[in-house]
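A.B. asks: Below you will find the structure I want to go over with you.
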Amino acid sequence: MGKLTGKTALITGALQGIGEGIARTFARHGANLILLDISPEIEKLADELCGRGHRCTAVVADVRDPASVAAAIKRAKEKEGRIDILVNNAGVCRLGSFLDMSDDDRDFHIDINIKGVWNVTKAVLPEMIARKDGRIVMMSSVTGDMVADPGETAYALTKAAIVGLTKSLAVEYAQSGIRVNAICPGYVRTPMAESIARQSNPEDPESVLTEMAKAIPLRRLADPLEVGELAAFLASDESSYLTGTQNVIDGGSTLPETVSVGI
């Protein structure tokens, strides 16, 4: 029996990257899955996992739209009954300097990375409170709260906000049996990382990923499945005394000094 057997998990942004990695990992640990994404392609991932013997429901929704979220969750609960675990993973990143970034691009980050998390959490939380049991995993980043890079001001702003939201919700709903924890990944080999690499160097994006890896003490980018294992831990009873925490998974990328004077 897996650590998540008998639990139903809603994962947003589940189609690809970290979200897909979490979905596959949760399935392996026995969870029933509700996979939410803005793309109808999410049905294919759900069909694949169902074909492998996992219980899985796909719902299409735009996390920016509370009505869309509410309708999707209603459909999912009609099939799955309840939601024990929420993984707020849906997120975006577009590079652009602070002065050059348009208001539309700024709001794009805020609407998905902050308001989207707010909307989904607000839709799921009341049921968890009524049962006095729930686990919420927030996808933040090392970018924003711990480190920063040029061109990622909007992204850093929103991911730092998720840390604050995590801690606030953890305090506010601890006595309701709700645990809320954040994951702060470093570089993960995902379509988002590949998109950042293309924006940085359209002619040779792979070289950007190679340089990223060289700057990491473990000398590689994370696999989404590794982030999935951390999420599974936070969603399981193994982390029963953890709430309001920031869990860094970055291969040591935030450890080195900018300029080393060591050996």
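For all residues, glycine too, the Cβ spot is worked out from N, Cα and C.
The annotation NAD(+) binding site is assigned in Swiss-Prot to 10-32. Residues or ranges marked as substrate binding site by Swiss-Prot on the basis of similarity to another entry: Ser141. The feature active site, proton acceptor is assigned by Swiss-Prot to Tyr155, with similarity to another entry given as support.
Buried or exposed, and what's around them? Tell me for each listed feature.
C.D. replies: Around the Cβ of Ile22 (NAD(+) binding site), the same chain contributes Ile11, Ala14, Val87, Asn89, Pro224, Val227, Gly228, Ala231, Ala232, each under 8 angstroms and 6 or more positions distant in sequence. Secondary structure at Ile22 (NAD(+) binding site), taken from DSSP and collapsed to helix, strand or coil, is helix.
In the shown protein chains, 27 other C-beta atoms lie within 10 A of the C-beta of Ser141 (substrate binding site).
If you take the C-beta of Tyr155 (active site, proton acceptor) and look for same-chain residues 6 or more apart in sequence within under 8 angstroms, you find Val92, Cys93, Arg94, His109, Asn113, Ser141, Thr143, Gly144.
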A.B. asks: When you tally the Cβ atoms that lie within 10 Å of each candidate's Cβ, which of the binding-site residues (Gln16, Thr25) has the highest tally?
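C.D. replies: Sorting the candidates by Cβ neighbours within 10 Å, the top entry is Thr25.
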A.B. asks: 10 Å Cβ neighbour count around Gly19 (NAD(+) binding site)?
C.D. replies: 28
